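For reference, the structure is listed below as structure tokens.
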Amino acid sequence: MDIKPSRSVGDKNERGRRHVNNMVCSYWLRGRCNRNRCRFLHQELPQNTHYQVSNQFRKNCWQRNPDSDSKSASSLMSLDRSSSSTTPKRSSASNQSHRNNREGTLYSDKKGEWDSTNLRCSSSPTRSGSSAGNGITQKVIGERVCKYWLHGNCVKADKCQYLHSWFKGHGVFKLAELNGHIKAISGIVLPSGSEKLYTASRDGYIRVWDCHTGQCDGVVNLGGEIGSLISAGPWLFAGIKDVVKAWNIESCADLSLDGPVGQIYAMVVDHDMLFAGAENGTIYAWKPNKETNAFELATTLGGHNCAVVSLTVGGGRLYSGSMDNTIRVWDLNTLQCIHTLKEHASVVMSLVCWGPYLISCSLDQTIKVWFATEAGNLEVTYTHNEEHGVLALFGMFDSEGKPILLCSCNDNSVRLYELPSFTERARIFAKEEVRAIQIGPGGLFFIGDGTGQVDVWKWQAEPTSLAS
């Protein structure tokens, strides 16, 4: 897979220096401005010191600790290692056993409790004229970003009822923006031991970002819309129509995994197998072959009536969410479907595991928490209702060790909820829907929106990953 050198990520901003109009170009905001000398600004107003790529940004290298890789990647790492000139350090056997393949899942070492004292929704915003509990009247702040502020021409200033910020709450701040893609982000990965961040988009390109400078070092053209991107050990897997592309970032080996029918929307690695959910409702599973140094199609899992759009693993189970509104539970030892969950009323967009719980979200505007009964069946133990469809879930611990669920909704926002209470800690706003979320070291996390922009956020104190 050839990587072509990329143009400077700051090209748009460089052109912006010649602009004379103090308004932001609305076409540039959508990534569609094709004027070489546009008379509008190609940057956002107002400027904020937290949003700039500064010395503080460069000090926070995004390189993931090599010890964070999961046990499931062990056999995948053994493929095509002979030609690799550099090999990142790998975690010890004891640490691997402790992690037990929890990368990419929401996990807690302590059993969560979903009782009447914990299951409360976050409090609603204080309304104008109401008491905040201390006798002081507080102003209402809207739940969306002011469109006039977005274009740099809101005249109401502090009196505006809408947000003049990309963030509401406390605990995190925006560190940088990565621009270059022109369509929605479909995957973000930070491979273990690598100094590169990889982002995939529906524009058909994978961009490679330097973790120290935040600059785009290269571009890979896959020739088709990318539906999913994941990493396992030294391998990157990108799902496009009718094929999964595999790329070894150490040896530069480039493989094509044939067999799928239609677009690949979700992938996950576990039990030394790569699982990919396809548009035709089938889950395809490949195993690495050390002798041929390739991946071989091991089996297919059928049962869904529509596209498989979400996959996760936990507790010896594979969970698949589909556009047929169901979740199927597969035994990873037998690869047989043992349960079909039908509580959602629309597409099951995302799935994560947290200890003994499965958490699912859907376009039916709900997040459901599932727990296994004594009989072995999964039942909904709590339902959290949203005002909008829910697109993506991801999890991490905050600086106090509390589990945080990142929840993306189709109102262009990402909620940060404490678990198990679902108390809203903060809310992040984007230009368009966020469908890709990834966490990094040192409290960093990344969100990719529908415009092709990737935002880098950071907790003010360093949390630990739920996958560690």
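Glycine residues also receive a Cβ, built from the backbone N, Cα and C atoms like all the rest.
Annotation comment: TrEMBL describes 24-45 (among others) as zinc finger.
Marked as domain 'C3H1-type' by TrEMBL: 24-45 (among others). Note on the domain 'C3H1-type' (24-45): its mean pLDDT in the predicted model is 66.
The annotation region 'Disordered' is assigned in TrEMBL to 62-135.
Positions annotated as compositional bias 'Low complexity' by TrEMBL: 71-94 (among others).
Here TrEMBL flags 122-131 (among others) as compositional bias 'Low complexity'.
Per TrEMBL, the feature zinc finger maps to 145-167 (among others).
Among the features that TrEMBL reports, domain 'C3H1-type' is placed at 145-167 (among others).
Sequence annotations record features per position, and here TrEMBL assigns repeat 'WD' to 178-210 (among others). Across the range of the repeat 'WD' (178-210), the DSSP-based residue counts are 0 helix, 18 strand, 15 coil.
Taken through DSSP, the repeat 'WD' (301-340) splits into 0 helix, 24 strand, 16 coil. Annotation source TrEMBL lists repeat 'WD' at 301-340 (among others).
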**Message:** Six or more residues beyond either end and a Cβ under 8 Å away: which residues meet both conditions relative to the repeat 'WD' (301-340)?
**Reply:** 72, 101-102, 104-105, 107, 262-263, 265-268, 270-271, 275, 277-285, 346-353, 356, 358, 360, 362, 364, 377-378
